[in-house]
């Protein structure tokens, strides 16, 4: 009887492990809009994110209540080679029209792959669930930008529900190259007229609506009542987005990206943006633009972007991210 009981116990444990493994699979590969492949990653608490292999683009980040913390345009076009409007586009090897390439580079219009065996990632924030993607320069890419590279991207959920994107770009060529870089997160907000962006006061910025004329921001915070597109230079590693209507604060942290862009289109007509969509998002973008990054052959550059949500009005030490 003892051996039989032990066998039953072991069998029950095995079934339990299998059920748990099935229930909390690290990721699910499925078809998204227009049949484009996407990855869904969930943690044990029901928080999740989705990333399309087209563009290596995060298009959803949900908390345990199922609320999406990212904005997607109501007219987003999921048809290559059109970029996807919303979520977190990856901008490389050129930010905007700061160089000879198409605006925002070309990796947001490429098909990435899952990186099954990524090299170790040191000093990465602890996570409950993540996915690693990889993109290598193709022959077509080399015709428009003649530099071989390997771009590795890890997207991860932290224990508090925070979202982290870690970019690693390696020069796999025989000659050095330089590039500018950015992530373009569209954060979901209650109403853009109720939003304040804090942490950029007394900094210089280039007004992208005025031929990148340089100004200094002397305000305590940024508010929105018309179209705004500013490239702030040498910014702190933490920026806060205050959503007064929802009584929450989106905390943006960055490493390796010295600059930051703050943007909202307001009522400017954008082809793949709904007429009233501008009210529901704000873009606060970690970028490296003023001083292009220079990579020698074999050298790797790394940048970390982390975002969390906390209740407004509480100190950072006493706040637990509510994402």
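In case you wondered, yes, glycine gets a Cβ from its N, Cα and C as well.
Pulled from TrEMBL:
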SIGNAL    1-21  signal peptide
ACT_SITE  184  active site
ACT_SITE  285  active site
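Cβ neighbour count for residue 285 (active site) (all protein chains, 10 Å cutoff from its Cβ): 26. Distance between Cα atoms for residue 285 (active site) and residue 184 (active site): 5 Å, as a whole number. Neighbour list (residue 184 (active site), Cβ cut-off 8 Å, at least 6 residues apart, same chain): 88, 89, 90, 91, 104, 261, 283, 285.
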